[in-house]
């Protein structure tokens, strides 16, 4: 025990020691002090005004001003983006500007831009109208050709009997009206010309036909060129139309329909000379507007370029100011209104840095009163803070995704750095696939600085964030691939010749007769002769299944050992005696014994049936082991190791001893701890049932959440139920967790067989043809299948199963994960949001 206590502590093993501090800022230096604390980013402020709404806080006006400035900066950013300009990634070297001066400058820029946008919008609208008018003049003139008169006997008869009626002008069809030769009826045929979006023409024509009951003629022609949409700014294709109609009522209907379909109507004279004259005037006006618009655009782009040169610096400045005022709103004003009081958490090692920053703030503020910084006691649980780097941060995030560590409890990330990529590699063992992952990881690491400053897609961002995880995963995959002797499912004689040969000369490649051993074992990894043999699958099944059980029992034992270190660290001898010890006994009496049998069987080459041993361990524990006894003296050797048991058990079967140990461990976990806790609680508070009555003045001095109001409550039934749930969960979990590690065997076998299918049924099958095209197609299919399925889906599958093994099977043995993360006030954590 003393040796363990003398071991040096690891950086990531326990979270950093935290201190609860109080700061008293003079009003003159509060803003500067908080800004300096934001630069170092090592102090988490506590909100002392959580009962107040945001509008009741002291610096609400300053926060509103910063919010308004942020709105203006977002407006500038949108304008720069719409103009197709790029804001400078490196802020210009502008002298430091005060917040008040920046606010005035932003208001001036906003007013100028709004005015330029309004003028430009009016000019653009006029330009669009003139452009549409020109299109209508060019196309509508083709439809305004006078129809020659052809008088016949039938037409004169219609004129005498029908056309002379008074109500015919409103009700006659245009075909009949066009056939009428009399000049008195010609003025009643009128037209409306205009332009409409091409996507609306069909519905527009149908609506006109229904509204006029077919008493109209609709002519259309596609306009030459596009017109900019005034709202979206997109270029829209237009269609020129001319509607011939008769009567005032039809005119009103057509105009309303044009308005509903956003069709713009323009007057077109019937005289060709007038059309040409108007067209020339419109063209001249368009030329003038184009010149004016170009000049306005250049002036606007110049103003936006100037703004964009300093935009990023202004955004950072406003964000920092808003963050400072938000933090100041978390502080309390002293009753004298001359100082601000703040509380918060900081790492113990950071106190000198914080004090130095506060001293600099006092000097720079030219104030005579210093900032008070002192430690405080509290009953609150401190936040959890781990110092990480680029390599360990990804592994810490894997653990934090399950839950943040409780303050100072053992951190699983220390072991996850190795165990997580290794368990992944056990399922993904192929050194060809591992090389592909290694190349990808090395590319991401080599481009680290470049990619860190860019915005990546969701998948690439995930891969870049876990680049060092991917690096170790690939290295371990290459190692396990060499153990399995698989390179895209193909075995190689890397470390020498095979130790086996065919029993019969006729077995050749099929090896249906079997193999015999004729030399020393293969030096490293799996013998390549197993590939394709009759016993390949049974051999690999047995090997990988037993290996999965060994890994699982080892990692679960590590988790229980970590619970011992937690109990030692927090000084809980009860957890050591009544939780750690019985858990170790229960797990190793059953599954530790199975792991031992596996190792002995491998070392001795025994043919014992481990299934029979484990099954009859429960069904018939008193039976003789027979052929399943792995080594001589197995019973007395294992019985001697239990010297504390009664003598009657020394000669008993070892299996009975192990079963008795497992059965004893269950009540050992369940009963002692709740009763001991109850006894300790009663002894601690014996004779303290009554206390001194407090006065009203004393009660007023006690804050609602202070330590003086903290009372310890002990509910025996709740503690007992909790312990019972924990014990049952461990007993059942010992079985289910061990079985869960068999996923290492299942996924490894599936990955190997799937890789074999792609190699033999795609690549080799295509390579059997003499046609180069078929070979090329087969190679492309093999590469695409390997990249998408084996390097894509299989990687994610093995990754998720490795996560499951760490979160559930490993961490539940010792990790509570109910803490909260240390979130200091730091300018470096201000997200670069796309607002």
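Placement of Cβ uses the backbone N, Cα and C atoms for every residue, glycine included.
Of all ranges given (509-527, 528-546, 547-565), TrEMBL attaches the label transmembrane segment to 547-565. Record note: among 71-98, 99-126, 127-154, 99-126 is the stretch given as coiled coil by TrEMBL.
Range 466-484 is the one annotated as transmembrane segment, of 466-484, 485-503, 618-636, 675-693 (source: TrEMBL). The stretches the transmembrane segment (422-445) and the transmembrane segment (773-793) are in mutual contact, each linked to the other by at least three Cβ pairs under 8 Å (pairs 6 or more apart in sequence).
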